[in-house]
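Participant: What TrEMBL records for this protein is below:
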COMPBIAS  120-142  compositional bias 'Basic and acidic residues'
COMPBIAS  152-168  compositional bias 'Basic and acidic residues'
COMPBIAS  203-212  compositional bias 'Basic and acidic residues'
COMPBIAS  242-253  compositional bias 'Polar residues'
COMPBIAS  290-304  compositional bias 'Acidic residues'
DOMAIN    613-626  domain 'SRP54-type proteins GTP-binding'
REGION    120-253  region 'Disordered'
REGION    281-317  region 'Disordered'
């Protein structure tokens, strides 16, 4: 039933292979290596590719990978146990060669594999055919009961019933709401209200009457006088005493148009600080600024680049690495197992969640780290901290580093040579800063000599077109046509509100092609990931226009929400496109990165969800506050205690 089984090293050397069918398994193995092993997603031991299910087992001691493949429609319960048995058998049989690194020899493992496979399949068939035997009377719990225990239980039940009846009778005798409680007979010691012949003495009767009268009286309501020094609310005094002023009269249409024009001209006039930013962003964007700092460990000093985050150095007494100090309790010169790592992985998970990493992603990342270091032999006591920290750091670096390079300037130049506009679409939820960061990207493109057309496809939010119009005026003021041979560097294509966004985007792209404009930036309306009609409209826009780059704009402030947003946006683009190979999200813009201090977990959550790179990082309010992601700085801030 197994179609394929292979054993290879992490360096790419195939030690042994079994192929049961003539099907080509190379694409599936390459997808497993590229998507799971290289991207540090080894927490789960199962991977689906096309019609196959691949299960894998990592041997960290000898740096080996065991992979078995079978058809997805089959339900093979023995695969996990068989995979573990093969790993142990192969290790024991070729332990000497693996220890000395002799991987070039011929590993004759076919006969052993066939024998173990037959035994495992026979056992599974016998378990499937053999009916489940019924328990005998002697094995049941009823046979262990005796007559005495049954009688005692009945007595206990009767006692419980009596107690329950007493409680019910008490509740029945209790007065209903609004009724007076029944008279209670009070017995006292002789001489202090003793009941004789059914009658009380005079003193007891007098006390009962006083209590009865006291219940009928209401407590007097004490009115709280206002504090003498308490400040009372004073009436607001408006300017001009509520009278009309000529400066507030906008009834004249000419005056209103003139003042609006003056305000627009004033807004479009760049300030001195903005003029100093011109010609400062030519070429590729800079990375996030980092600070060089030194952290002292118990054994060595390690120099690392730090993000511009307030420093919070750990004391030497705490072990140096905060959450990793628990590893000091492990004993050196031993093989790490899951039982050894379980308490520390829980601590690591809490630390990642505190750094704004999504809870689901934190669990998967910890499982991946555990699978990566499980089985490794530690030589010294102090190397545990460095081993685990290096494993987590390497996993995070592999996640943040892009699988493919996104070079917008190079791609835009190629599109210019083909005499077509390079189209970038911006999408995301409400209020994350799509229009603002579109203007930042536009300013960067203008600085590199590209003419840009902005398509106002947000036809839903009030003020969206006016916001883009203001950005266009400001950008044209910073780069006037006089400095670019009379060419207007930024133009706005708008059709008002309430129109079809996909149609406006198509018209804008055609207009950019006819006018030989280099780049078209498509601004879309913000929408929640659960709004199906709006998600259908976004999928239609992407399907009809086929932009060169689809960028998702997300906030650095979110944690678990980032995973839900990206997953549902990708799922909507795939479901509503009706295409075999739909266009999905190609990259991420992470905004408001300057507001999170060292809570950088959203970068890990977003990249882990889609596997797509973070193309831009928004770090401020001006047009130049846009950077490339520095993976090392993010990982350093993430691991900081």
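Cβ atoms here come from the backbone N, Cα and C positions, even for glycine.
Remember, TrEMBL labels are computer predictions, not curated facts.
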Participant: Take the domain 'SRP54-type proteins GTP-binding' (613-626) and average the pLDDT across it for me.
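Facilitator: When the pLDDT values over the domain 'SRP54-type proteins GTP-binding' (613-626) are averaged, the result is 90.
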Participant: Determine which residues of the chain contact the domain 'SRP54-type proteins GTP-binding' (613-626) at the Cβ level, with the cut-off under 8 Å and only residues 6 or more beyond its ends counted.
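Facilitator: That would be 274, 277, 280-281, 285, 288, 400-404, 406, 408, 433, 436-437, 439-441, 443-444, 475, 478, 551, 587-594, 603, 606-607.
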Participant: Sort the residues of the compositional bias 'Basic and acidic residues' (203-212) into helix, strand and coil with DSSP and give the three counts.
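Facilitator: Helix/strand/coil tally for the compositional bias 'Basic and acidic residues' (203-212): 10 helix, 0 strand, 0 coil.
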